[in-house]
Amino acid sequence: AGMEGSGDASRAVADWRLAVWTLCSVLLPVLITAWCSFQRSRRQLLIRDIFRKSKHDWHYTDLFGQPSYCCVCAQHILRGAFCGCCGLRVSERCLKKADQRFLCKEIVMRGAGGAPSSMPHHWIRGNVPLCSCCMVCKQQCGTQPKLCDYRCVWCQHTVHDECMVDCLRTEDCTFGEFKDLIIPPYYLSTINQMRKEKRTSYEKVVPYCRKHWMPVIVLANTRSGNNMGETLLGEFKMLLNPVQVFDLSKIAPAKALQLCTLLPCNAVRVLVCGGDGTVGWVLDAIDEMKIKGQERYIPQVAILPLGTGNDLSNTLGWGAGYAGEVPVEQILRNVMEADGIKLDRWKVQVTNKGYYNLRKPKVFTMNNYFSIGPDALMALNFHAHREKTPSLFSSRIINKAVYFFYGTKDCLVQECKDLNKKVELELDGERIELPNLEGIIVLNIGYWGGGCRLWEGMGDEPYPLARHDDGLLEVVGVHGSFHCAQIQVKLANPVRLGQAHTVRLILKSSKMPMQVDGEPWAQGPCTVTITHKTRALMLYHSGEQTDDDDASSLSE
């Protein structure tokens with residue numbers, strides 16, 4: 001009995017030990033994971049706190065795109081933080097030291113007495129751009145696998161460690177290749193002082209008085225098309241004064257464009273990074289400047305196409321879509337070299353039918369085109385699905401694939417057939433007899449539908465030239481989605497209905513899809529009137545047309 005009792009006790013002890021070890025084996029990894037998670041969260045909170053209070057534009061990355069070295073400890077780092085304005089790179093543990101030790105780009109020069117007209121270089125050590133050359137010896141910089149050499153955050157010049165002499169540290173910065181586009185910090189400090197003293201004669205302030213100064217303002221929509229806006233914001237801040245670069249998801253164009261009132265009249269250029277909708281948004285804000293009596297400050301507008309269609313960008317020579325293939329430096333060169341042109345803008349008024357209709361007419365501003373029929377139906381279906389699941393529509397290729405799907409579907413269903421029986425069309429007050437159609441498109445620009453020259457068609461028939469600055473609209477009809485597809489690949493011509501200064505379209509019955517510049521809606525019986533509104537000052541770049549040269553010359 002005694003032996004059996006001792007055996008039971010030893011089994012109980014063994015079972016207890018097994019339970020303890022099992023519990024430890026389960027709890028220990030959980031506790032370690034919880035502790036690591038707590039430490040990670042604490043570290044992230046500290047990093048976010050530094051980011052929030054810092055004057056640097058810090059961003060965190062899990063992997064740098066090129067060999068990088070910490071600007072504090074000089075160790076090679078794979079991940080860490082970088083400043084989107086001055087280009088500093090630092091490891092997590094050195095972030096606080098770097099934030100306290102190094103100054104970022106000054107957007108306004110502080111503590112400068114009088115009216116300064118120059119400023120010294122702002123040198124940052126290490127992580128210089130690949131293939132950069134020393135401004136002293138003209139040899140390549142950044143070739144050694146360590147933290148070495150210097151770069152000026154304003155002029156972008158680089159210097160070897162051994163070539164850096166005291167005179168370079170105090171030498172005046174020239175602002176480099178883009179000096180005619182950059183707003184210098186000393187200029188803004190002088191203007192601020194003059195405004196406090198209620199003086200508005202800026203003509204003698206440097207570089208206001210310089211003949212070729214054409215400061216650029218960058219307005220980027222980080223939500224457009226292929227989501228490249230965030231990257232572009234950082235690259236433009238590196239090359240320009242950060243005060244010139246605005247994120248339209250955080251600040252409205254009307255507010256950003258007030259910077260123009262501090263700059264020379266008729267000299268400012270605005271680069272809009274986004275789709276045609278973003279460009280329309282900016283042009284509306286410029287129209288508001290006219291209403292406020294700021295017409296002499298109105299800028300010229302260039303486009304970096306980030307949207308899906310980009311027909312306006314294509315018409316003005318800026319290309320059908322940007323995917324990072326052109327360096328930001330070349331984009332700024334293109335903006336400097338671009339020529340000024342005018343773009344007609346149109347008022348689209350939609351008045352609902354009915355004796356008891358007390359609602360005000362819907363009013364739109366049109367830059368590109370108005371349409372009723374299959375292409376508006378495709379835009380409406382696309383818009384509805386993008387509203388439900390916006391995360392799926394972050395790629396230009398996916399967006400175009402969805403458009404193709406709805407176009408193919410409409411070829412089979414033909415939801416817009418017999419349009420000619422449902423509408424009446426008047427061009428400059430003259431009634432037009434309509435053939436059998438499914439859609440009518442009113443064009444202001446040369447391109448339509450993501451790169452198709454709709455008015456020209458196959459280019460085998462004589463027709464009046466289409467321009468975007470002649471005060472005339474081109475009106476065409478299409479037989480359906482399949483006919484649209486044939487026109488896009490130059491296998492068919494549109495039904496050319498005419499050109500006019502004023503277009504009036506009456507929808508007599510039923511509900512039809514309509515769109516203005518890609519913004520679609522379903523519309524019941526109404527009268528649509530399109531009249532000239534104003535002209536916008538745009539910039540034309542001659543090197544990015546996607547069609548053949550002959551077709552390009554027709555629209556200009």
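Cβ from N, Cα, C; glycine included.
Keep in mind that TrEMBL annotations are predicted by a computer and have not been checked by a curator.
Per TrEMBL, the features are:
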TRANSMEM  18-38  transmembrane segment
DOMAIN    55-104  domain 'Phorbol-ester/DAG-type'
DOMAIN    120-173  domain 'Phorbol-ester/DAG-type'
DOMAIN    211-352  domain 'DAGKc'
Self-check item: Segment-level pLDDT (mean, integer) for the domain 'DAGKc' (211-352)
Solution: 92
Quiz item: DSSP helix, strand and coil counts for the domain 'DAGKc' (211-352)?
Solution: 58 helix, 34 strand, 50 coil
Quiz prompt | Contact set, same chain, for the transmembrane segment (18-38): CB under 8 Å, 6 or more residues outside the stretch | solution = none
Quiz item: What does DSSP give as the helix, strand and coil breakdown of the domain 'Phorbol-ester/DAG-type' (120-173)?
Solution: 5 helix, 13 strand, 36 coil
Quiz prompt | Helix, strand and coil totals (DSSP H, G, I; E, B; other) for the domain 'Phorbol-ester/DAG-type' (55-104) | solution = 10 helix, 14 strand, 26 coil
